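Novice: Sharing a structure, written as structure tokens. Questions coming.
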Amino acid sequence: MDRLRDGPLALLLLFLGHVITALEVPLDLPQPPTITHQSPKDFIIDPREDIVIHCEAKGKPHPSFSWTRNGTHLDIDKDPKVLMKPRSGTLVLDISGGERAEEYEGVYQCSAHNELGTAVSNSIILRQSRSPLWSKERISPIIAQKGQSLILHCRPPAGLPPPIIFWMDNNFQRLPQSRRVSQALNGDLYFSNIQPEDSRSDYICYARFPHTQTIQQKQPISVRVLDMDSLNDTLADYFNHTDLFSDNPVDEREPVFMVPSESVKLLKCNASSFPTPAISWVKHNSEIPSGRASFLNFSKTLRITDVSEADAGEYRCIANNHHGSVHHTIRVTVNAAPYWISAPRNLVLAPGEMGIITCRAAGHPKPSIRWLMNGLPIESQDPSRSVEGDTLIFSEVQTGSSAVYQCNASNEYGYLLSNAFVNVLGERIRNKHVLHDGIVFTRFKDSMLEGNAYVFHENGTLEIHMSHPSNSGKYTCVARNSLGLSENHVYLEVKEPTRILRPPEYREVQRSRDVVFECKAKHDPSLVPSMTWLKDDGELPDDERFRVDSDSLTITDVTESDAGTYTCIINTTLDQDSASAQLTVVEQPGAPTDLELTDLVARSVQLTWTPGEEHNSRIKKFLIQYEDALHQSGVWHNLTEVPGTKTTAHLKLSPYVHYSFRVLALNNVGFSRPSMPSRQYRTSPAAPDENPTEVKGHGTEHNNLVITWKPLTPQQANGPGLQYKVMWRQQGIETYWTSVSVANVSKFVVSGTPTFVPYEVMVQALNDYGPGPKPGAVIGYSGEDFPSAAPGDVRVLVLNSTLAEVRWSPVPLESVRGRLQGYKVPLSSHHVTVPSAPSFFKVSTFDLDSLMLEWGPPYERNGRLTGYTFKYQTVNSKNDLGLLEELDLPSNQSSFTLHNLPHSTRYKFYISARTQRGAGPMLTEEAVTVLDRVITHLPPVAPAFGNVSSSMSKDGALISWEYWGTKKLLYVEYIIDKSDEDWQKEKVNGSQFHVLKGLKKGLAYKVRVVARGHDDRAVHHSEELLVKVSAMVSPQVDIATQGWFIGLMSAIALLILILLIICFIKRNKGGKYPVKEKEDAHGDPEIQPMKEDDITFGEYSDEDHKPLKGSRTPSSGTVKRDGSDDSLVDYGDSGDTEFNEDGSFIGQYSGRSDRDARHDSSKPLSPVNAMNSFV
């Protein structure tokens, strides 16, 4: 209640860390008019829409409005098409009924009035936009010679505002521009040098008028470019009546300027030459402002923004190519329309006070200042007001002298008009902030405010720096002037400020990705916050991709339109805090365009291009690639890279290549799409510049040398007919080189070389245009051969059971016949003198206090086993080992039982086999004794089965194996492959093979061998075999391996041997056989004829022919060896030959008479002749 009696209640909440700022004077006091919004000075309208001329003002009382047109009062009531908006001065001219907009063109000015003064607007020049048609004209075709400069004039119709000019073809495609071809500021198309590819019939200039959104088209221009070098003399003579086709065709030349155009902000420079010149700019005696200058249109245009008088001076445009340079000087004078240095400001005075209004403007030439009051020139003399140039001085003002003053600053290039009022107020102090003579602040009742924490402003505002809860309380403002005194009370309560602790941060994200902005804040616990997000100071788009959470903003599938500034605002009922962050959407740069080749010489070319859009990520570099249409059409190779700030590259080229180039741009996101390829440039052939690399010589046989090299690429060949000249000579032996030329290969084999000798080798490239540079020689060796000698004096020293030392004498170096890589020492298992580990080791329960240990003999005994060494010891819970016990067991023992062991005790066991040479490696085992079971941890041991195999016979599948385990209950188990049936098993009766019978034909079976204990538990099993039974079993028997066949052959051989022995014995007894008739029947001319009464064989008579020692033929030589060989062979084939009981022949030899037999018995046969008859 006390507070209510003290006056109006005001609650001001300050926040820790905030500053209480000064307040403006309230606007509820009387105030002259002020223009707040108006149309531009040069107002161009669309004649198809209603005309709206803006004029808004404020003041108290609210002002009224009037208009003038062309300097005379505009009576709105006389024209029903002209309306003024309520409580506004905005005019609306309705021309929808067909009225012509040009009837309302003119200079309009708005005035805003109230009882304290009049404010006026700028003079608004109203004009309608115009888009006139192109004048009809007939354009003759243009014929130009290659290399000349050319200008295609556009000359668009004058529109309002001026049109935007661009050149296109009949298909509405923009004509490409480059350093050679570019558009001038006036729209003309400039060719620095024209080329044959510029020939076309559809050069069309278009003018786009932005206000009416219309496009006007000029008649197409046809250009034909002739290359005089390719024309014959007849055609040249036909056209020789013009200078265009003179006897001297245009060749490369120095640059020449082509009518340079210039303006204040845009300086343009066009030059002609061949090759195309490069353009650069300098300023005389000064630097071109780097921050405000930019080079456009392939450096032909210099643009300067925010022009000031300091930009005046001489600018030099320089054009140069390798033939020379030329420059042109442009003198720039900066003429500026007026601009404000200090615009006039409103002035509020109390009666009797003084004040000033200043109006300062600059320009070139210097603007003149003219003052007006309430829209009219100042004429009457007022002692309280004086004009001194750009300053109005007021002194001893009186109530009622309020007015609005206008300052007009103008020169020949424009004007500035600004309103500023003088408001003289004389009122008694109220509970508002008003003019005062003095203000006193008190806190609570009688305490005056003092100290540096308080700042007192001239308008009575109290400012408290860094407020604190101790500043809370009641503040009283006392204001007095000559008319009275007034007090006002303010109650201050200081609360915790709202603060954003984690503001959103700058984000750079690729298109189609997601982005999250965080915004975490703290606030006073007694206040309820709310979060608002803005984009570019406006509401977020109505898009489901934008999701606002309690402390974040998420944007999914980001697009280019999402780029901008995002602001997080935390509001409470008393204060707010905000923070902003920028979102930049990036993507790969756009593809470069406008590729142009200039400075075309034999081994280099100049490539220029126009960069594509950066897409908010700076281009780091450009990658230049080339295609060789001659050797690898369609394949692009990387050539070079240039920094992203350059758009020109000097490229080194190889001969005999058909080049096309393209450019890719790289930014932080990735590479752009490739540009369109440049035009093709073909380089001329030449001799190779380099030779093959990686030349090597080595042998693959003991008598050859293989020379290899890395062949040149087609680009390195430099011309057609690439060959390689291969040269070699034996190092230190041969003086002259042996050479051969080969093509399309990368190696050459030299045969007939000595074994492993050094050679000097060279490979040189050559083509149809000559050889490459002289190559350097490399050293290679011919082929190697096996060493001709082995190491000698080999000695072996056995150091222990697992280590031996081998020594030998090295071989002579000449016997190596190659590079000595080392000595190979073969090892034989016969040197191993100790047995291998037991085949298995197992611990099992025997009874409650006993453990049974079982093991198998070692696979490799390496001698006679003398026994096994068995050790064991206890292991406690900390893995500490107890006392080691050791036992020696005989070699024929395979199990052992330990009795009387304590329960729940852990043991570690060791076992190894030994021979007289020592013990082999150990197997270990751990086990724990418990009341009813043993826990074992078996280490890996060798398998119990080995060499398991299968074969098919007519009886079934024969399964064989080797088994080293102790269990003798073996089974062969089988199951059909990929079936769910149970395994079938057949018991094995003590053998290591078994035949599975009854298997179904055409099926596959899985087979395994299993060893089982007496409880039928599987102890060991082999790996599974896959046995396939063929659909028709047809065993193939090798007859040579069958027993009956071998026996039969043996009997036949024995029988033949017996026959031979009997025949030999019979001959030695002196018997003779009647072969005379047989010999006569054969008519052998080499056999001597016999006497009629001699029935004996003359050649076999031991009386007439005594054989020489060691002779195998008769001494007479009448019977040749070949003839005697027929004695049994011929007769062996005749008749039915049989044997007598004594083994003699019958049949052929049985035709003799008893007389003959008796006669034969009297003359025994020579043993030598008998042998000859069998030979």
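Cβ coordinates come from backbone N, Cα and C, glycine included.
Just lifted these from TrEMBL, have a look:
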- 1074-1094: compositional bias 'Basic and acidic residues' (COMPBIAS)
- 1125-1141: compositional bias 'Acidic residues' (COMPBIAS)
- 1152-1162: compositional bias 'Basic and acidic residues' (COMPBIAS)
- 33-121: domain 'Ig-like' (DOMAIN)
- 132-222: domain 'Ig-like' (DOMAIN)
- 249-333: domain 'Ig-like' (DOMAIN)
- 338-423: domain 'Ig-like' (DOMAIN)
- 497-584: domain 'Ig-like' (DOMAIN)
- 591-686: domain 'Fibronectin type-III' (DOMAIN)
- 688-785: domain 'Fibronectin type-III' (DOMAIN)
- 834-933: domain 'Fibronectin type-III' (DOMAIN)
- 675-698: region 'Disordered' (REGION)
- 1074-1175: region 'Disordered' (REGION)
- 1-22: signal peptide (SIGNAL)
- 1044-1065: transmembrane segment (TRANSMEM)
Novice: Taking the domain 'Ig-like' (132-222) as the reference, which of 33-121, 338-423, 834-933 gives the largest number of Cβ pairs under 8 angstroms?
Specialist: 33-121
Novice: Quick check for me: are there 3+ Cβ pairs below 8 Å between the domain 'Fibronectin type-III' (591-686) and the domain 'Fibronectin type-III' (834-933), leaving out pairs under 6 residues apart?
Specialist: no
Novice: So how many of the residues in the domain 'Ig-like' (33-121) end up helix, strand or coil by DSSP?
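Specialist: Reading the DSSP string over the domain 'Ig-like' (33-121) gives 7 helix, 46 strand, 36 coil.
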Novice: Average the pLDDT scores across the domain 'Ig-like' (33-121) and report the rounded value.
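Specialist: That region's mean pLDDT is 89.
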Novice: Do you know the DSSP helix, strand and coil residue counts for the domain 'Ig-like' (497-584)?
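Specialist: Helix (H, G, I), strand (E, B), coil: 3 helix, 47 strand, 38 coil.
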Novice: Let's see if you can do this one: DSSP helix, strand and coil counts over the region 'Disordered' (675-698), in that order.
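Specialist: In the region 'Disordered' (675-698), the DSSP-based counts are 0 helix, 8 strand, 16 coil.
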Novice: Counting by DSSP, what is the helix, strand and coil composition of the domain 'Ig-like' (132-222)?
Specialist: 3 helix, 36 strand, 52 coil
